[in-house]
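*Asks:* My questions all concern the structure below.
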């Protein structure tokens, strides 16, 4: 549904710099190795083209490669869709329900979030994917999910070719002795013999490609099921986190209210159709969304504003007592700090003795917060935020006994 309906816009191809990143280089390398080796193994050593089955098999391999690459590049270059710079709601009074992004100089539309990597506010942002070096969001969610489906299917087909090639080529070449196993790599397995013999180099290349194909099938297949779960609930991973924090906030303050997620249409099929359409274009403009009964366009954004206000209330001021160079895993801060470094792409921030930090959340040995640079921090115009070790700072006496609890303990408070 919609696999070939959406078209990569030509003007977006100017951004070829997205290919110059370790994610696309590895992803395209794996696709190239698996598809090329599968075709070579099929034609030369397993299923020759002069047979009907061999021709059908070869066409299927080409088809997998084309569909995988199409959806991959569509997800990369079409992009997730960005909130227009300077955007604001049609009704000026509605701006009170929205957060303002000072980087984009625009209000954050419902379901949009600012991506530090893309440096833009992304429509219905799910996450920034390093493998496509772009965000997964409103406009490319379908292509991204189809890529996650087609890649494991194509790799499963390729893995079958690799296994059968090695089996058919080695079956008559093994000789077992009392203490040894010998392989005669010069023995021919096909009649007529292949143009290129299946030697040690071909065996090693096929075995390597098999490992890549199986690894891709498992890893990317798991990502596909995660995305399908997100689509059927019509709830991105970020929105799942917001909903979890909403329940935590209500429980923490023992409030008499219930948070209802506004974008779950109550039917998996209806949620599915929000992303996958026959035209290949997702439903909606990325700024306004269909909502369930009893909610409005700003139900989620109002909850986000409540959480932001709550975060300010629960934040704790710290003073830096030891320098920190911003290393991801600083061994000089202790073994426990080294091995419990947060597994996230969020940055670490350099600290100098005497600076002040406003911490908003934390782990057992790490804290996350904003460096208080000057008075402009209060206005939100200047922010340097990230993770830093707990043992580099001490709590300011004016903040009493409050302390950002480790994230795993928040629900027990």
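For all residues, glycine too, the Cβ spot is worked out from N, Cα and C.
Below, the features straight out of Swiss-Prot:
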TOPO_DOM  1-24  topological domain 'Cytoplasmic'
TRANSMEM  25-45  transmembrane segment
TOPO_DOM  46-57  topological domain 'Lumenal'
TRANSMEM  58-78  transmembrane segment
TOPO_DOM  79-143  topological domain 'Cytoplasmic'
DOMAIN    99-149  domain 'DHHC'
TRANSMEM  144-164  transmembrane segment
TOPO_DOM  165-194  topological domain 'Lumenal'
TRANSMEM  195-215  transmembrane segment
TOPO_DOM  216-413  topological domain 'Cytoplasmic'
LIPID     328  S-palmitoyl cysteine
LIPID     329  S-palmitoyl cysteine
LIPID     343  S-palmitoyl cysteine
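Explain the structural surroundings of these features, please.
*Replies:* Beyond its flanks by at least six residues, the transmembrane segment (25-45) meets 19, 54, 57-58, 61-62, 64-65, 68-69, 72, 131-132, 151, 154-155, 157-158, 161-162, 165, 168-169, 189-190, 194-196, 198, 202, 205-206, 208-209, 212-213, 216 of its own chain at Cβ-Cβ distances under 8 Å.
Looking just at the topological domain 'Lumenal' (46-57), the mean pLDDT is 86.
Sequence-distant neighbours of the transmembrane segment (144-164) (same chain, 6+ residues past either end, Cβ-Cβ under 8 Å): 3, 31, 34-35, 37-38, 41-42, 46-47, 57, 60-61, 64-65, 67-68, 71-72, 75, 129, 132, 136, 206-207, 209-210, 212-214, 216-217, 220-221, 223-224, 227-228, 231, 275.
Sequence-distant contacts of the transmembrane segment (195-215), counting only residues of its own chain at least 6 positions beyond either end whose CB sits under 8 Å from a CB of the stretch, comprise 30, 33-34, 37-38, 41, 44-45, 155-156, 158-159, 162-163, 165-166, 169-170, 185-186, 188-189.
DSSP assigns residue 328 (S-palmitoyl cysteine) to coil in the three-state reduction, outside any helix or strand.
Neighbours of residue 329 (S-palmitoyl cysteine), defined as other CB atoms within 10 A of its CB across all chains, total 11.
Same-chain residues at least 6 positions away in sequence with a Cβ under 8 Å from that of residue 343 (S-palmitoyl cysteine) are not found in this chain.
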*Asks:* For the domain 'DHHC' (99-149), how many residues does DSSP put in helix, in strand and in coil?
*Replies:* 9 helix, 16 strand, 26 coil
*Asks:* Under the DSSP assignment, what numbers of helix, strand and coil residues are found in the topological domain 'Lumenal' (46-57)?
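*Replies:* For that range the per-state counts are 7 helix, 0 strand, 5 coil.
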*Asks:* Applying a 10 Å Cβ distance cut-off over all chains shown, what neighbour count does residue 328 (S-palmitoyl cysteine) have?
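*Replies:* There are 10 of them.
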